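Asks: What TrEMBL records for 1-35 is signal peptide. Feature annotation from TrEMBL assigns domain 'Cadherin' to 82-140, 141-249, 250-354, 355-459, 460-566, 580-684. For 692-715, the entry in TrEMBL reads transmembrane segment. Residues or ranges marked as region 'Disordered' by TrEMBL: 779-800. What TrEMBL records for 783-792 is compositional bias 'Polar residues'.
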Amino acid sequence: GWHFWRAMACGRRRGDRKRQVILFVLCICVCQSGAETLRYSLPEEMERDSFVANISKDLGVPLSQLAARKARVVSEGNKQLFRLNQNTGVLTAKESLDREEICPQSDTCTLVFKIFFENPLQLIRGEVEVRDVNDNSPVFPQKEMVLEILETASPGSRFPLESAQDKDVGINGLQNYSLGPNPHFSLALGTGKDGVKYLELVLQRQLDREEQEELNLLLTATDGGSPPRSGTAQVRVVVVDANDNIPAFERETYEVRLAENSPLEQLVVRVAASDPDEGSYGEVRYAFAQASERSRQLFQLNPTTGEIRVAGKLDFEEATSHKMVVKATDGGGLSAHCKVQVEVLDVNDNAPEIALTSLTASIPEDAPPRTVVALFSVRDRDSGDNGRTECSIDGDLPFSLTPTFDDYYELRTTAALDRERTEEYNITITATDWGKKRLSSRESIFVQILDVNDNPPEFTQEVYTMSVTENNSPMLRIGRMEATDADAGKNARVSYALVRQEGKEQPEVSVSAENGDVYILRPLDYEKVRAFEVSVRAADGGSPPLSAQAVLRVLVRDENDNAPVLLYPPPDSSAAGELVPRWAPSGYLVAKVVAVDADAGQNAWLSYELAKATEPGLFRVGLHSGEVRTARAVTERDAVRQRLIVLVRDRGQPSRSATATLAVALVDGFSEAHLRVSEEAPAAEPDGPLTLYLIASLVCVSALFLATAVAALVVKVRRGRRGQTETLPTFPATATESTAGSLPRSYIYDVCFAAGTVNSEFRFLRPLFPCFPAGLPPGPGEQRSSVCSQDAANLGGEGD
């Protein structure tokens, strides 16, 4: 606080100007000494917006700081009497101040205010003394006072008069009384034990009713103002006949304690005065002789019984006691006086009042514990325990109340806040007094928690698996990656981006930065890329941003975009030649069509069927194996040359196909042993590229073997007879039909070649002699061979 006396405002208008300047400089020095309260004074009845003080100058605070620190003034009570201009630093009165209205029962009138600064929080207490101005004249309760005085009253007798009331105080209050010139009475001014001045009329000279029945006196009350004000009342003295007994009260002073919540018509006290006279001189009537206007409103006196009852609502906070003088007058005009003092007892009839002084409506969620959220005061107009208060917060909230000074409390945080759990708090503050019947009041404070970027985005999945069919269109959307952020505002706005990895090719995928939609940039080929993975980062819009990553796995689905490819017979050959003996039984393996499909799944599942044949009923094709076999036994009626077209088809939608052409020659000269060897020779399955290599090797070896066989036969021909030779697909006649040759039969060899499989074998057979059925003699020059059956049985065991 600060001590400050404004000399220019306190000095009187007629004071010495030089002394005012010296006093002003002295007060300025006192202000700079660092006292705790600012004190000013202001005369009452000043105009609205009158100057009170220059707060900026008195506190030494620059004008820029007043606005920056949100300086403001708060008056005690519900009515704000002062205004602080942040631009000029001047404290002014919001309206004209009437001291008699503000402090009706106080000699001094001091208004308390507080100046609040923020950033940092600072409170400075100030007081403004409202100086009294002589704006009220003394007023008598009655314009005419009637006194009935016995003519037998001796000089020196005193008769109380009703005092005048002046609302001003101090020097401006009631100071003096004067009585108009008269030969019988004078005035006496006294002060009671309680400090209250009372007025008495003193008889100076004996009255004579026969000489003068009544006297009219002018009573004047004057205050000490400049210029002084005065009020008058007429005192009419009626001289009555002798009455030698005056009423007498049982007690000089009646003291009563009365609760402020006493109902109307409740009996306060009964004053009693007795008069031993008889007749009208013994009848006593009661009336208030001295009582304030407020006391007359609150209490009612029965003139006959002397009972004083409650007539208005008592309020301890307005006045703690009431003092009255009761006059008892008999029928002869004699009177006596007693005092009645009523002490008003406080009752807990006022609930505490909560007044918010400073409030921070929103705080960030990362605010440290014990952050000040609000500053408020609690006031209870009762006294004692009834005016003692305590505050609490309803519910289990991360806030606490800390008492500061002058019944002020700070609302502080007690723990770390989390906006994602609670976005705002409705804090209810309860103030309760300590009365027997406890009264309380509540005030709600809404505090909003501001978001801080403390939560990274979270993907709904760690790995996102999406699929796309090959040969897709560019920029095809295949799905969406979604990440959520528990924060709010820009801190929750999530953007997506691919994580670039050095040394790796540009990914075939793109992710929308706004919504996480996944797009394929260009057409994909399942046969080249079947799956790939990329990392996607989701970052929020905070500062600094937080991010998270997830894996995007893209699976390429196969499409039937590849037709079957023939490995055997080769697609570039016009027709593959195959040899089938005339006596081949049903199911005889002629050849095997081998094909592959670069697709996958059912798109690569191949089926074989015979599309076209010279003899449709002679051959059949295995649906899944591609093996071409005889559907029935070969007969002599079947054509020597057969042409087969095998259709190879996949199971895609739509399906794709390829055709293989086979040339088959039906030949004679094959023995049953050859047949058995051909039938027993296992058929090998194609084995990828190795099958192609084996077929090429087989063709080369076959050609070499044929060339060698022909050369051997030419060398061994001893006869000039020319042997008949034929090339594929034309073969020599069977051994039985070549008896006209020059070579003996013991040197004729039969070459057996099993075509249609990659593992076809060459078998070098022993000299083959015709075998004749039992019972048939050999032809001319022929002899039966004893090894026919043995050779036939051992053919399967010959080396390759």
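Heads up, the Cβ atoms here are built off N, Cα and C, so glycines get one too.
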Asks: In the domain 'Cadherin' (580-684), how many residues does DSSP assign to helix, to strand and to coil?
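Replies: Residue counts in helix, strand and coil order: 13 helix, 45 strand, 47 coil.
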Asks: Let's see if you can do this one: DSSP helix, strand and coil counts over the domain 'Cadherin' (250-354), in that order.
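Replies: Split into helix, strand and coil, the domain 'Cadherin' (250-354) gives 10 helix, 48 strand, 47 coil.
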Asks: DSSP on the domain 'Cadherin' (355-459): how many residues come out helix, how many strand, how many coil?
Replies: 4 helix, 55 strand, 46 coil
Asks: Could you give the mean pLDDT over the domain 'Cadherin' (250-354), rounded to a whole number?
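Replies: Reported value for the domain 'Cadherin' (250-354) is a mean pLDDT of 90.
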